Structure formats: structure tokens, C-alpha cells
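Report on the structure given below.
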Amino acid sequence: MDRGVLPQAIALLLAVCSFGPTAGLAEGVQCDLQPVDPKVTYTTSQVSEGCVAHVPNATVGVHILFLEFSKEVSTLELTVQMTNPNGARPQEVLLILSVNKNIHLTLQVPEIPLHLAYDSKLVFLQEAPKAVITELPPSTTKNQLFLWANTKGSIISAAELDNPQSILLRLDQAPTSPSRCTLEPRKDMGHTLEWKSHTQASVLGCHLEGVTGHKEAHILRVLPGSEAWPRTVTVEVELSCALRDPEAVLILQGPPYVSWLIDANHNVKAWTTGEYSFKIFPGSNIQGVNLPDTRQGLLEEARKLNASVIASFVELPLASVISLQDRSCGSGLQPSPTTVQITPPGEGCNQDLLLSLIQPRCSDDVMTLVLRKDLISTLGCTITSLTFWDPSCQAEDTDDKFVLRGTYSSCGMKVAENVVISNEVVVNLLSSSSPQRKQVQCINLDSLSFQLGLYLSPHFLQASNTIELGQQGFVQVSMSPSIPELMTQLDSCQLNLGPDVEMVDLIQNQEAKSSCVSLLSPSPGGDMRFSFLLRGYVVPMPTAGILSCTVALRPRTWSLDVHKTASTRLNIVSPGLPDKGLVLPAVLGITFGAFLIGALLTAALWYIHSHTRHPGKREPVVAVAAPASSESSSTNHSIGSTQSTPCSTSSMA
């Protein structure tokens, strides 16, 4: 047998054996629990307040995260998943982030039409996601935000989290959930949301008086959740023993509907409620025992198992994964003298977060960046100087912030077409002998102009402001001036037909919304192009509309997008109406039709003349009834009908 498997097999055999009570133990347990070194983290779906709804026919599914942080600056990893890509889901997803402090956000999202709403003054994105960004309304309470979210779509989930470190949000809807999302205290979000907290669990330990030996006990008590349904809790145990290999007992107590999957790198004896199994033998379920559900009772249980040390005692909310790390491993209980955390000298200044706060803005021929001193202090940093590449351009030191600014013609600025402005920011820190440098860029949108034109042919020769129902339109968006350092892409395009008609989405998240829309190759000059087919049942009546497109602008050495919108007004008419001027094909058609009618009329007159006889030689004429109206009704019925097209507009209607 493999050496790595042998200890686990021995642990499994030992776990099956019964632990009999030790004779001669005193009735009371003398144990003074104190904070100790072992580290316990956990992932849970329990939130302080939340709700989950099932809205199968929602066009826009809204998910809200109310995030409360204790520090002025925190980091957050947010992962959005779609477990079943082929399952029922809204056409669009709106994710709302409401935060009370500054956060540095790392976001991972699937390839879906996603809208993201947050306060840009508090949320700093590590890199731009493929999402449409919306600014949250200012000074919004929880109730006001709920009302605002209801105007955007159907609320699928909402949750309030305290000090989250990482969040996993699954967009798959739970069929058993109610049809309306109503916030409930101590909500179990189930499969919809799991999260891990920045705040570590409180770990306590003690010596058990009157017990000799070196056996140590790790007690994990999982508290009941708001909903009782069968679930498995994975317990990861990592014991790093440098001096010796002590005996370890793992006591797991939880609600009766919880089973355990133990993944340990060390020989442990398991003593649990419910069923449990080891990861190396996942199919071998072992029946547990009845354990007391009080702290004193669990300490007594550890003493019965001859444990002389409670190496860790933790009470946790209902979790899906619990991770226990103990590096002292029975080498003697070392209670922490105080719960105050001392920051190691090498970790005093979080330089990565500090550099992420440097976000310049360009306007009125000036690049400006502002660093708040309270954020700098929270990161443990002390700035001695802040300059551009040209050290003579130093930041202004005010009471509450550093302000660094420079005109486009000074401080070593590099300017491309008066639009893309770049420089280098140099930060000198008290804790570092070498300066920190960051390349910065911003876009002067005031110097850019965009033109959006509609054409009725793929040659893009003559722009038009009128289009017929059922006609294919070709759109070109051009930017002036054209700048090689600036990448452009159509982020979204919509056709607004007024307040009484639903918006027609053509492009979303830089992708065609349906098969009626085609993204075309750029023009030789780099102009963005696409085509769309305007179906009759998309636009219910001849009307006027506004075609608008949002362009994503990004310098080639920058990770964030800047957006600019261009629009034009369209007249939408029914086929055959004289709302459009005559173009060359129409003139040629009318000329040919007139010629054909004249030729047929001449031939008819010649035929009548050649067959006319003397009145006396004419034969009697027999009156014949007119043809039934059904012959002409079929022709009249087809007037005004439109031919169906193969493209699907299910996502546009």
C-alpha cells in the first residue's frame, strides 16, 4: 500500500473502534479556554439577511449584494458562475454592489450579457470586465436600493454580508424558491451564494487538568442553520508537526442532517455526529455517535477520550467547507497573550493596493490624480513624495489628500492627437528604499467626436435617415481623429422607439444580440460597422426612433475602458409609403413599368382593330358572369404581407 494512504487507512480502522470512557475521571472538567494559534476558516451560505426568488420568465434578473466592511480598504474576490449554461435564465443579468467602504475588486464573470452597478468612488476594479457599468444612485439606503432595483428587472437574489473576502454567486435559479424576493434574517442562500469572511473564526484552547499523555483534541461545533436539509460539510485538517507525531482526535458536532467528509494530512481519530467518511475512501460511510450540543459537554467528551490538550475549540455557522491549520501540533499549548493582531514589519505597507488607487483623470488640458490620506494610512503606508516622471512636478500636500496635476505640455506628458495622455507616477515610501512606479494614461474625451450613419446598402455610399420595416440597415460608427494608440469596439447598440415601446437591443457586451444582427469587418479606415434587419413585428407601427451606440475606448497599454455614445434619429416607415425620396433603382423601375404598360396597350388596340368585323357579320355575344371574387381575393390578401426571414428575434422582441 502507498505510504500516503497507509496512515489514512489506519485512521479509518481506528475510527471504527469504540472509544470507551476512561475510568477514574473526575466529574467536572477544569479547562480555561484561551485564544490559541491554530487557524480556522470556513465557507458558508449563511448570511445575516437575504432572499432567493424563482422568476422563470424574467427578462432582466437582478442580484444585489449589500457588503459591510470594517476596514477603510479591503480586497474582495467575486466569482459569478452559470452552472447550467443551457438552463433557463434571464436574457440579461444586473449585479448591484452596495459597499460602505473602499474595496479592491477582482471580478470573474461568465460570457453572458452582464450589467454591473456600483459606486465608482468606492469600488476599484483590478481590470475591466465584459460588462456594462452603471453608476449607483448617490446616498441610497437599503430600501431605496431595493426600489431602484425593482425598476430595472426582477430581483432573483439579495444578500447582506459582513467583511467578505471571497464570494461565489451562482446565477442558476432555484425552482423551489418563492416568486418574490423578500429579505429574511439569518437566511441560508443554499446553492445560490457561498462566501468566505476576512474575519477569522475565534479559536480557543486549554489544558485538561488531571489527564496525562500527549493526545490532543480538535473540536469543531457547527451550529444549526435556518433551514434543515441534508448536506455534507468538508473538513480539511492540516497538522504540521515538526518535533513529533502526536495522537489527534477530531470531534465534529453538528445538526442531525449534517454528514462529514474528512480530508486530513495526519493520523486523526474521528468522533462525530451523523455519518462521516474520509476523502481517500469517499464511499465508505461510517455511522457516528450521539454527542452533547454544549461546550461543557464536548469538553467532557474530549476528556473521556484521554485528550490532555484541547488544541482548538471552534463554534461556526453552518458551513460547506471548514479548514483547520495547526502548526504547533501538540508541542505545548501556547495561548495568545492578547487578541490584538500585530502587523509584521515586512507587511506594513500594501504597495499593490496603494498603486491600484492611482487613477488619473483628464479634462481641460490637465491630468489630475488624488490620493486620500485616510486610505493611505489604512494601508499602512507613509508617502514621502509623489511626483510625475518629471520630479519637478510634485503633488500638493493638503490636510486630507495628495493632489498631483500637470498640463499636457508639462511634467513629461506624452500626448497622442491631444486625446491619449500618458505619464509615469513615482511614489516614494518611508518603508521602501526604492520608489514605486506606475504607468498612467487617460483619455481626453473632449477632443474626440463620433459620427453614426445609417446606410441602405453594404457599400456605405450614401447615408439615410429613413428605413422601411423588413429592410436591412447598415450602420457605421466613425471616430475623429483616428488614433492608432486607441482601440475602439462597439460595446452596445440600441434602437429607442419611445416610452411606450420596448427598447430594441442590437448589440450587447460587444456581441450581436440575435441572428438578425451581424457584426461586420471594419472599414479600411477602422470605422466600426454592423448590419441589422428590422422586422415588422419588432416595430409595431411606422414611427420615429433614435439609434444609439456606445463605443468602448481603450489605450493599448491600459486595462480599463472608457465609453462614449453616438446617436442618430431615424424615420421608420411601412413598405411602399412615399416617405423616402426616389433613388436610381426606383426611377429605372418606374420608367420600365411605363414602357411595358404602353407596349401592352398598343398591342391590345391593334388586336381589337384587326378583329373588328362588319356589324352585319358579327356573331351574337353571350354574356358571361364575372369570375367569383375568390380569384381576386387571394391576390388582395397578399397585399401588405411581409416575407418571413430566417433570423430569430426572440431576444429582441
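Just so it is clear, glycine is given a Cβ too, placed from its N, Cα and C backbone atoms.
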According to Swiss-Prot, N-linked glycosylation site sits on which of Asn306, Asn636?
Asn306
Recorded disulfide partner - Cys393, candidates Cys381, Cys411, source Swiss-Prot:
Cys411
Write out how many residues of the region 'OR1, N-terminal part' (27-44) are helix, how many strand and how many coil, based on DSSP.
0 helix, 8 strand, 10 coil
Mean of pLDDT values spanning the region 'OR1, N-terminal part' (27-44):
82
Asn306 (N-linked glycosylation site) to Asn57 (N-linked glycosylation site) - Cα separation in whole Å:
60
Let me know how many other Cβ atoms fall within 10 Å of the Cβ of Asn306 (N-linked glycosylation site).
18
